[in-house]
Amino acid sequence: MVPRCWFWWRWSAWPRTRPPFAGSTPTPGLLQQFSTQEKTPQICVVGSGPAGFYTAQHLLKHHPQAQVDIYEKQFVPFGLVRFGVAPDHPEVKNVINTFTQTAHSDRCAFWGNVEVGRDVTVPELQEAYHAVVLSYGAEDHQPLGIPGEELPGVLSARTFVGWYNGLPENRELTPDLSCDTVVILGQGNVALDVARILLTPPEHLERTDITKAALEVLRQSQVKTVWIVGRRGPLQVAFTIKELREMIQLPGTRPILDSENFLGLQDRIKEVPRPRKRLTELLLQTATQKPSGEETAHQALASRVWGLRFFRSPQQVLPSPDGRRVAGIRLAVTRLEGVGEATRAVPTGDTEDLPCGLVLSSVGYKSRPIDPSVPFDPKLGVIPNTEGRVVDVPGLYCSGWVKRGPTGVIATTMSDSFLTGQTLLQDLKAGLLPSGPRPGSVAIQTLLRSRGVRPVSFSDWEKLDAEEVARGQGAGKPREKLVDPREMLQLLGH
Ligand SMILES: Cc1cc2nc3c(=O)[nH]c(=O)nc-3n(C[C@H](O)[C@H](O)[C@H](O)COP(=O)(O)OP(=O)(O)OC[C@H]3O[C@@H](n4cnc5c(N)ncnc54)[C@H](O)[C@@H]3O)c2cc1C
Ligand SMILES: NC(=O)c1ccc[n+]([C@@H]2O[C@H](COP(=O)([O-])OP(=O)(O)OC[C@H]3O[C@@H](n4cnc5c(N)ncnc54)[C@H](OP(=O)(O)O)[C@@H]3O)[C@@H](O)[C@H]2O)c1
């Protein structure tokens with residue numbers, strides 16, 4: 001192990017080589033607001049998803065000389081924008097253009113293939129930088145905690161999404177879609193993404209950035225029915241109206257909603273906030289109204305169905321007779337207790353067995369602790385913080401899903417990350433960050449080299465990007481994602 005402070009004496013020999021920020025004109029007088037020692041803060045961001053990039057963007061925009069280095073464990077940047085957002089939602093991925101602009105700043109560097117906590121520790125980063133921002137997202141799935149969860153044929157939605165989106169660690173998943181029925185547990189937007197990808201006619205996915213391997217498996221799929229199961233009722237679904245509408249209009253499919261679940265709802269929706277009201281009205285209309293002529297024709301042609309099952313909580317995964325894979329799921333019938341946000345599902349004592357060949361658990365993502373030196377709340381799965389300041393660790397900040405938990409869209413993550421950036425700059429101005437120069441990436445690069453870690457730069461990513469785009473062109477796809485890290489290294493000549 002390299003001694004903790006070895007780079008201090010080396011640092012004095014390193015010149016500052018980076019040119020001043022060429023990508024923007026600093027606001028007049030902005031620099032004068034900072035005292036001499038805060039004029040060239042070295043800041044490091046861990047994670048290159050929306051939180052990492054939006055935090056970097058804020059820091060670069062509001063501090064005319066800040067240097068921001070982004071460390072990322074994958075070879076490629078952009079986090080869930082690349083590995084989460086559904087392939088048939090290309091417009092959402094346009095944020096990559098903004099992130100690329102940030103990465104092109106002379107005062108920003110991207111270092112991929114560096115796993116913080118493994119290749120370099122958080123205390124080592126803290127010694128090299130004036131401030132460290134942890135924006136490493138929520139990489140695990142929330143376990144169900146029920147018997148049979150480990151059976152073949154039970155997958156987390158996180159893994160399934162990673163597979164169709166080309167996440168290297170999930171590239172060999174090949175889910176078995178030879179069954180008739182799939183059960184998805186959870187009624188959030190990820191559940192709808194997964195249901196939509198399972199049911200969309202494969203020819204409609206051909207021109208997206210879904211991986212070739214996933215498209216092949218989907219082409220062979222025998223799945224006819226997808227149940228999306230929620231432990232609470234129609235008024236508590238976690239998905240949003242746009243995504244529900246897409247499901248209702250999905251070619252070749254028909255929704256099944258039990259009108260019994262909607263009894264009395266018409267009166268209750270008057271009291272709920274407008275977005276929830278509109279969403280529930282659409283559900284209610286789909287469940288209870290006769291489809292229009294056009295919709296009837298659309299539904300008559302449907303060869304696949306999807307349905308929402310309410311008031312059902314997963315209790316046990318049922319094995320096949322030989323015990324080798326999933327054959328169904330036992331659901332506890334529930335009723336609601338409490339009011340408003342505090343409404344809880346409690347079991348009535350009744351159960352229902354639902355036969356299926358694949359269970360996809362979509363009950364949320366979960367952050368991991370990154371380093372023993374960083375406080376972590378295992379119950380909430382977040383780094384305890386006040387406005388982005390990690391509690392009791394001066395100079396350490398957090399943003400995004402690891403700051404506030406695994407919910408919220410990219411826009412929410414953006415506002416949250418800007419706030420963390422603002423907090424950090426306030427602390428800098430108030431003299432709360434270490435004074436004197438810090439070596440930044442120069443020290444960390446040397447440290448990584450001594451450990452045999454070879455980071456990839458943003459221009460390396462741009463080479464991989466060009467290769468992906470070229471590979472996709474023949475098939476009319478925006479890109480064919482590279483999924484094998486060894487191949488990526490070969491392409492980079494590493
Ligand atoms: C399946 C799915 C689909 C979604 N679709 C949409 C959508 O259509 N529209 C929308 O607005 N929002 C969508 N979201 C929400 C959106 O993706 C999140 O709000 C956002 O990505 C959270 O940003 P983040 O930076 O906190 O986390 P992430 O995007 O997960 O980024 C975290 C980054 O940190 C890196 N990292 C992790 N550990 C380490 C480590 N130890 N060292 C270095 N790097 C590390 C990861 O590789 C990753 O690149 C979706 C979410 C999911 C799960
Ligand atoms: N198109 C998009 O904009 C898009 C796409 C994908 C994701 N996202 C965003 O990404 C975030 C994460 O999405 P998500 O779907 O993973 O999470 P989510 O929105 O939090 O939904 C999780 C679902 O799982 C259920 N659940 C949780 N624990 C459970 C348990 N133990 N047993 C049974 N059900 C359980 C929840 O029910 P309860 O409500 O009863 O807890 C809820 O229905 C969300 O903010 C989402 O909007 C956006």
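Including glycine, each Cβ sits where the backbone N, Cα and C put it.
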Record-annotated FAD site (TrEMBL): member among Ala51, Ala430, Ala443 besides Glu72, Leu80, Val116, Trp401, Gly408, Val409, Ile410: Ala51
Per-residue Cβ crowding (10 Å cut-off), top of binding-site residues Gln187, Asn189: Gln187
Least Cβ-crowded entry, counting other Cβ within 10 Å, from the binding-site residues listed as Arg231, Arg232: Arg232
Annotated FAD contacts Ala51, Glu72, Leu80, Val116, Trp401, Gly408, Val409, Ile410, maximal Cα-Cα distance (Å, integer): 25
Listed binding-site residues adjacent to ligand 1, that is, members of Val116, Gln187, Gly188, Arg231, Arg232, Glu243 whose C-beta is under 6 A away: Val116
Nearest of the binding-site residues (Glu72, Leu80, Trp401, Val409, Ile410) to Asn189 (NADP(+) binding site), judged by Cα-Cα distance: Val409
